[in-house]
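Contents: one structure, followed by commentary.
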Protein chains: 2
Amino acid sequence: MKELKVELGERSYPIYVGDGLLNDIATTLAKHKIGTKSPLLLVSDTNIAKLYLEQVKSLLEAGGYRVATAVVAAGEKSKSLAVMEDIITVALEAGLDRNSAVIALGGGVVGDLAGFVAASYMRGVRFVQIPTTILAHDSSVGGKVAVNHKLAKNVIGAFHQPEFVLYDIATLKSLPEREVRAGLSELVKEGFILDRGFVEYCDANAERLLALDSEALEHALYIGCGVKAKVVSEDEKEGGLRAILNLGHTIGHALEAVAGYGELLHGEAIAIGMVGAARLSEKLGNPGSIAVETERILRKFGLPVRIPAHMDTDAIMSAMMHDKKFLEGTMVFIIPTEIGKVEINKTVSIESVREVVERLKRED
Amino acid sequence: MKELKVELGERSYPIYVGDGLLNDIATTLAKHKIGTKSPLLLVSDTNIAKLYLEQVKSLLEAGGYRVATAVVAAGEKSKSLAVMEDIITVALEAGLDRNSAVIALGGGVVGDLAGFVAASYMRGVRFVQIPTTILAHDSSVGGKVAVNHKLAKNVIGAFHQPEFVLYDIATLKSLPEREVRAGLSELVKEGFILDRGFVEYCDANAERLLALDSEALEHALYIGCGVKAKVVSEDEKEGGLRAILNLGHTIGHALEAVAGYGELLHGEAIAIGMVGAARLSEKLGNPGSIAVETERILRKFGLPVRIPAHMDTDAIMSAMMHDKKFLEGTMVFIIPTEIGKVEINKTVSIESVREVVERLKRED
């Protein structure tokens with residue numbers, strides 16, 4: 001078992017990564033001073049609930065906790081104010097009070113949704129994350145929680161740090177292959193941002209990671225979460241530095257929005273977005289090898305590196321304008337300047353972006 | 001013009017109180033580094049919009065600001081996630097970004113709702129309050145913002161401090177008499193909590209206050225906001241002390257919930273709740289004169305001091321159990337121990353509360 005501390009002063013919290021950690025969930029809660037007097041709310045989705053909900057609930061009840069459960073439909077559509085309201089109905093009916101905690105059992109959708117419930121219920125109760133996907137390593141570090149609006153993703157939310165994150169890699173073994181690939185996309189992204197050595201590790205160990213080898217996964221999640229934790233510690237509220245975590249996300253989010261949340265998995269959209277950012281880097285005068293290398297590694301993980309040709313360029317550009325990162329009329333891009341290093345760039349022209357998008361649609 | 005500082009470290013902000021301050025809204029925004037590059041969102045309700053929306057919008061536009069407006073139906077029902085979502089649609093369509101600000105022009109409902117929009121939009125943008133009721137003096141100090149759930153009031157929200165509060169007492173002159181009385185209820189409450197001298201001032205100047213005399217109102221709002229600011233400064237997140245501001249609110253909120261948000265104005269429900277708290281004080285062994293004196297002063301302001309006889313006691317008790325202040329099965333009451341002094345009491349039995357409620361229904 002590895003333990004990683006996310007340093008945020010009073011709001012610091014640990015991430016536990018290891019095989020079989022779920023079995024200790026009740027003692028871990030107790031260790032974090034979450035008592036048994038007030039009920040807990042366990043939030044999950046239809047896919048994960050089938051596999052683990054009863055198990056986690058029983059483990060908690062065996063530890064003396066009263067547990068209310070809310071199971072939402074799997075998928076991005078559950079990240080809505082309407083679903084949030086339904087979950088709060090469950091919380092109120094179960095008598096959750098200010099000393100209660102909300103536990104997210106699932107991937108990024110469940111974490112974001114349950115996290116925003118925890119941030120808002122009675123103006124904030126404690127929050128625990130049990131991520132069950134590789135992708136969720138990303139959303140489980142940093143306290144960004146949110147739901148979607150029909151016009152834009154993640155646009156209604158808060159910063160709400162968990163008490164702890166419990167990453168049981170045993171739960172990852174049931175992931176569909178496509179989700180494994182998409183999750184590894186965001187994990188290798190942490191390397192592209194700040195850690196060339198980690199990119200090299202992922203490059204060298206792609207097969208082990210794709211085969212969900214326990215040792216490789218534990219190491220990669222520990223390092224990947226560590227990169228993210230380092231950035232978040234230095235910039236909790238996304239004043240500046242934290243924006244680098246959005247490598248690939250400006251184009252990626254736009255693709256997801258145009259695809260209607262589903263055609264592309266988040267990690268797939270981000271993979272395409274990372275290639276886009278590397279292409280923009282070349283336009284800004286950096287070596288073309290960055291884009292070539294980025295693409296080669298992402299292809300090794302079986303990830304898409306081109307925009308589906310049927311997607312409308314105008315729609316993609318318009319979705320980008322609604323992005324939170326589009327500040328005071330300026331496009332803000334995270335641009336790789338070498339493998340393992342990025343800069344925040346505000347000089348990218350709308351025309352260059354359109355050209356890159358067009359090329360990524362045309363090429364094979 | 002009086003200026004009061006709410007001391008909250010990095011989140012400190014001023015409250016400006018005076019006659020005609022709205023005329024300077026654009027320069028006040030500029031002084032607070034809210035620039036003209038990003039659009040503003042001005043939120044109001046149907047009642048206030050009729051009186052002031054065009055005026056405020058013109059003043060802002062004259063100062064170079066682009067202004068989107070969202071007008072919600074007057075009344076507590078607008079404090080919902082659904083209305084919040086509609087406002088966010090306006091914000092997105094107008095292109096509000098992270099450097100934008102949301103301005104609440106109205107009473108407590110508009111302030112709470114627009115404040116929660118500001119807290120959540122893109123995980124938090126700046127917020128400005130222009131309260132147009134006396135009651136809103138309370139919600140405009142302390143950063144508590146929220147919407148309602150059908151099962152409980154203010155149960156979905158955040159702590160989000162404004163950049164500044166601009167209290168133009170000229171806008172109070174259009175208030176209906178019943179709202180003036182209800183607003184003064186919450187204002188004199190600040191005295192009952194912490195400032196006997198202010199209770200005496202209100203007692204001696206009840207007629208001037210009811211007649212909306214500018215000088216008396218400016219003084220009373222300044223002192224009332226000051227009491228609240230003092231408490232909030234010492235306990236921003238309601239860890240302990242801040243709870244004293246809830247004098248009269250445990251019973252008051254329950255009455256509002258049972259009455260269906262509307263039969264009783266908030267300040268009226270709080271007036272009855274303050275009498276209830278004083279009666280509980282007597283049951284705990286404090287002098288009966290506290291309840292007598294509380295009642296006398298509130299009657300002077302034409303406020304109700306009895307529970308409407310048709311309200312169901314069980315429903316009132318059950319609503320109290322859903323209150324955020326009902327912690328781990330313990331009733332938490334704010335109890336006056338003399339005029340101008342309160343304590344946080346967790347020893348009040350459910351039976352005593354029921355007796356007080358029953359008596360307040362039966363008496364004339």
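Cβ coordinates come from backbone N, Cα and C, glycine included.
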Among B:His160, B:His266 - the residue TrEMBL places in the same Zn(2+) site as B:Glu186, B:His249: B:His266
Cβ-Cβ neighbours of B:Gly108 (NAD(+) binding site) (radius 10 Å): 23
B:Asp112 (NAD(+) binding site) to B:Glu186 (Zn(2+) binding site) - Cα separation in whole Å: 16
Recorded NAD(+) site residues B:Gly108, B:Val109, B:Val110, B:Gly111, B:Asp112, B:Thr132, B:Thr133, B:Lys144, B:Lys153, farthest C-alpha pair in Å: 21
Among B:Glu186, B:His249, B:His266, which are recorded as binding-site residues, the nearest neighbour of B:Val110 (NAD(+) binding site) by Cα: B:His266
Rounded Cα-Cα span from B:Gly108 (NAD(+) binding site) to B:His266 (Zn(2+) binding site), Å: 10
Neighbour count (Cβ, 10 Å) for B:Lys153 (NAD(+) binding site): 23
The domain '3-dehydroquinate synthase C-terminal' (B:183-325), counted residue by residue under DSSP: helix, strand, coil: 103 helix, 0 strand, 40 coil
The domain '3-dehydroquinate synthase N-terminal' (B:71-181): DSSP-derived helix, strand, coil residue counts: 44 helix, 34 strand, 33 coil
